[in-house]
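Everything below concerns the one structure shown next.
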Amino acid sequence: MLDYDLTRWGMPLRYAVETVGTVAFAASGILAGMRRRMDVFGISVLGFLAAFGGGTLRDILLDRRPFFWVAEEEMLWLVLAMCALSLMLWRRGRRAAVSAKAIQVADALGLGLFAASGVQYALVAQMSPLVAVLMGVVTGVFGGVMRDIACNEMPTAFADHRPYAVLAFLGGWVYLAVQWLGGPAWAALIGATLVTTGLRLLALKLDWRLPGWRPG
Amino acid sequence: MLDYDLTRWGMPLRYAVETVGTVAFAASGILAGMRRRMDVFGISVLGFLAAFGGGTLRDILLDRRPFFWVAEEEMLWLVLAMCALSLMLWRRGRRAAVSAKAIQVADALGLGLFAASGVQYALVAQMSPLVAVLMGVVTGVFGGVMRDIACNEMPTAFADHRPYAVLAFLGGWVYLAVQWLGGPAWAALIGATLVTTGLRLLALKLDWRLPGWRPG
Amino acid sequence: MLDYDLTRWGMPLRYAVETVGTVAFAASGILAGMRRRMDVFGISVLGFLAAFGGGTLRDILLDRRPFFWVAEEEMLWLVLAMCALSLMLWRRGRRAAVSAKAIQVADALGLGLFAASGVQYALVAQMSPLVAVLMGVVTGVFGGVMRDIACNEMPTAFADHRPYAVLAFLGGWVYLAVQWLGGPAWAALIGATLVTTGLRLLALKLDWRLPGWRPG
């Protein structure tokens, strides 16, 4: 049922958005490695961890094989090409011309889509609603968490004090709500993505803060 | 056989102790996040990592599905409620009224029980004695290790210089000894837990030290 | 086919080299723990992580059970004995008499062999060439990465600025090239190991540098 809906909704659209998410997360990892003056291998690992870490952890937790990057191997080649490209741009002394804002927008899009697709994969694997929503959070967030841990930093998702993972959690429940109301899988996927990504962009624009331990 | 023994021993008792262990480890993660001034998401992740990290790693290594927190989903809701509760207490400006000592006692109990149950799961999965004992150590210790790595700290279990994981290792051999002597599974489970937890409490009380590299 | 070739090539040789690699990586972990003044448990965990981390991650990603350290359990006993031995040497006040250079040579050998065997395991599991080469890199490199992350350090493989993982990547393609040319599995295994290990030793001797972000 789910897969049938997805097929009708159109693989090209899903594929395009997934590619954008992968590129965005890979870029965030590559830029993080450059900022820390890693060598070309460290930069590549961070790119791969950020782009594939969340989805791989989800696939391990759901016991889903082949991994999504084995089934859609062109994603691996894409990220490998990005790593090679970043190296070439770099050797010629040019700085990557990607503004921090562009990265944030792409990251918000990736967060929303990866979280929504994580919920869907978990539902296909017969998980309960809470587990499915948590799988969505894992898919959307843990690529960035692994990137930060490999950099030997406290993950920004844990101490950013702006809504991030909480929005993926919220988007997961939107997915389930659409489905409980009888909506098709494509509507749930788009609705969840829009809520997560839209609220993330709003949160960045309006500087929303999460409750947290404030010094003083 | 093992499962039959466990059933007779009484699921309510096992369930109660497992719940105490989960609550204790989750509290240790939540408090660690508060101390580091993380936001509400970081605190929740640390609670989940500490409570479920060791058992999940064990289940992945044993290729055991569904995960214990999928089969007993109320554990997830329990930790989620603890995270929400900690947030509410916090917003009202109250400090968590949990003394460091209470945490240490609960942590010792969790260590003993999770280690013993890890040995049992591994034996049910036909692992050899050494692998089973190591699975017990992984189950009891790695939740805390993941919590500390996510906090960007050297895991306290590695550099505490008080017996901790070593006691889980010892408890695992106690489990096997009881079984080799013909004792039932419930006796092995209780014996291993008592040895690990009891020696841990004694070690804290008497300030035992492990051999290690002492400066000077 | 592959397994048949391997059998003819001689298990004793493969086994000997694999043992050397495990010992070398375990020693690197144990020495890293000593340098950081960890206690005996921390030192043991680092030894196990360095020796078994890369292969275990490979086995999880390939969904390969039993793990290699379950199938060849004497490897576990070997590393356990090394941890106990290091403790005894230590208590008698003797420093480990292993020079940094010996470690580097052993580490280069381990890198080459583990990377080549990782490619082979992935090909047996029907992975594509790129995935197989990446599995080789994971097998050879991630034991050391986990060791460094558990020490709360930025992994040296990411920021060493000398060729390391890149050579495992190169060795993986050598493996595939030998196979595409019709060579037997043992030739591919030896060729890939020689290229990776040989170039690593040359890189250390001649102080080759990877392109990276140089300050100034």
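Cβ atoms here come from the backbone N, Cα and C positions, even for glycine.
The feature transmembrane segment is assigned by TrEMBL to B:12-33, B:40-61, B:67-90, B:102-124, B:130-150, B:162-180, B:186-204. Annotation comment: TrEMBL describes B:16-90, B:105-178 as domain 'Glycine transporter'.
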**Message:** Six or more residues beyond either end and a Cβ under 8 Å away: which residues meet both conditions relative to the transmembrane segment (B:67-90)?
**Reply:** 19, 22-23, 26-27, 30, 34, 40, 43-44, 47-48, 51-52, 55-56, 59, 96
**Spatial neighbours of the transmembrane segment (B:186-204) far in sequence, C-beta under 8 Å, 6+ residues away** = 5-6, 8-9, 14, 17, 104-105, 108-109, 111-113, 115-117, 119-120, 136, 140, 162-164, 167-168, 170-172, 174-176, 178-179
**pLDDT averaged over the residues of the domain 'Glycine transporter' (B:16-90)** = 84
**Request:** Could you name the stretch, out of B:40-61, B:102-124, B:162-180, with the greatest number of CB pairs under 8 A to the transmembrane segment (B:130-150)?
**Result:** B:40-61
**Message:** Which sequence-distant residues neighbour the transmembrane segment (B:102-124)? Criterion: at least 6 residues beyond either end, Cβ under 8 Å.
**Reply:** 2-3, 6, 17-18, 20-25, 27-28, 31, 54-55, 58-59, 62, 64, 131-133, 135-141, 143-144, 164, 167-168, 171-172, 175-176, 179, 185, 188-189, 192-198, 200-201, 204
